């Protein structure tokens, strides 16, 4: 029967996957898992609560806690055996672990057979230790009081009287007399007849017997006849020989354990010659057992250098090395060699050696490494791999330049067509980049739509950058869609900074400069770019302070109807800094979205709009509605609707007096559409902003929650191709009209464009041709002057 059946085991492991795996494997062995702990505190608490038979302990626990320290506390308080399960096999970790006297040390990953044998060996060791502790106590009592027990065969010959032989007393439960038949049971059945004959003939005898098998107590029983005053006495003695017999008995147990171990195991002499082996070692090495006996480890191909290292490690008790061996067929295989020094009372040296085939372990490690350092989508290296390379001094010295690539237009594709299409686009982009870079270069997916190329020994970086741009000239075809993607590329040469992280930072800065210059271009880093980065950093740090210190305010650009009457205002966010003056929205709105401050900024603007509505109402202009821009990131918040409604209630403003402008990309996501429906149900008017500038589907105009379609100014006819744009605008206006949507054309800057908008049938117009943005007080003054004129 398995020693593990119904045993209670506590698993201490910081990763849920590993803990669940262990629990599942142990369940197949009929083990009762009493708990799963992630930290040292939980491990100690569960040990106190359940008192398990065994603990499987990871070394590195949650929140940086140490499994070794947890084991040390458990040993001192509860004396529960601990087996370490860890991925760490370095000397320092092993040395610290051994100081806690563990009952096993399993290196991940391990199979169920290794787990079973290790746990059973630990439990058997516990049993032996418990027996040893009890026998130690018994032996101490015997040594103190019964150095020599004396016994005498009675005149009748049917019993033995004894003095100072408590081991016999304990065995037979009597005070001073042992029946003859009971005494004979001390001996093996095949010996009893001979002993009986010797007793009857009063012959001298001496036999070693086990007094108590459970406690491993042994004694020499001796009898001699003594002639005194003409009478013959049969007197003997009982001598405790446990210290002499125990090593032999333990050797038998060791032989049994040696035989049962799953690893190839051998007992070595002091000169590393193989003395004894188990059955697994010949199978592992594919060498007959009779050939192995007497061979040295050096005969197996283990080098002198390796053995010197092992000998040095053995001073700490255990040596462990990964090696490559040749089996009997001449095939190489990786193995883990473990040597443990044997303790001896007679200064006889020797070692226990275990050999484990770690082919599967190496393959698993390679798979884990591939998972850890490979981007699962594109097959390129990932950020972990890049960090590994950039922290390697040899590789750093070989890098000629770092190229940072950000895909232009990918976000719109991903938002419009979904992640599946977006993933295929990313894979094709990675394939195209792979085709351009050389074998010595390394392609990394830095995250999202960003790639990094680590370039070695490039002769012409400008040409290389141009070739990377050319990779995106042709559209990418995915599921019958021709999708265009560009690239903003920043290049930093390695001779500028000495630090690899600084090199990455500079390439990133150059990439942002490429975007700033209009995208789809290559920019090399220069020191002048630092000014732009410092400005960006100032904006990031100052934006929150600007929100709380009222440096942000709103201006309002009028929106007119076909008769030129102002019927609405669009609120535009402005930032006036006391040191830098006016900061353009294009400089801080994207940063607000990146940092998450867009939610704070959005509520700030809603507050401004509510105040403006009340001022308009007080001035008799309550019919004028106010438009407010809402970011798609704000629409990701489930609390947006309740917060907006609460603001309106606070300022006593009606929702129907507020128009919320959202970009067409906000209509692509199920979650944001749900929020838009809730806003419309609350009374807000929803306007689709910049329609026609992205990838919006015309079918989205059928959504009932949209009321106004704001055509992008790019549809405004210019000097070239006005007829083509007129056809597009006419078609959109007719479609919106049939769907009951109002059409607003923005960006009108001259009379020609104004005439175009009126003749095309637009309901509303906006642009500098009519009015430039003004503060709310300036607008009210304007209305009052118009009224008095």
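Every residue gets a Cβ built from N, Cα and C, even glycine.
Just so you know, TrEMBL annotations are computer predictions that nobody has curated.
What TrEMBL lists as domain 'Response regulatory' is 8-123.
The domain 'PAC' annotation in TrEMBL covers 319-370.
The domain 'GGDEF' annotation in TrEMBL covers 398-527.
Summarising the annotation, TrEMBL assigns domain 'EAL' to 536-787.
Positions annotated as 4-aspartylphosphate by TrEMBL: 58. Sequence-distant neighbours of residue 58 (4-aspartylphosphate) (same chain, six or more apart, CB under 8 Å from its CB) are 12, 13, 14, 15, 18, 67, 84, 85, 86, listed in sequence order. Annotation note: residue 58 (4-aspartylphosphate) sits in a coil segment as assigned by DSSP.
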Between the stretches 8-123, 319-370, 536-787, which one has more Cβ pairs under 8 Å with the domain 'GGDEF' (398-527) than any other?
536-787
Contact check, the domain 'PAC' (319-370) vs the domain 'EAL' (536-787), 3+ Cβ pairs under 8 Å, seq sep 6+:
no
Take the domain 'PAC' (319-370) and average the pLDDT across it for me.
78
Per DSSP, the domain 'GGDEF' (398-527) contains 54 helix, 37 strand, 39 coil
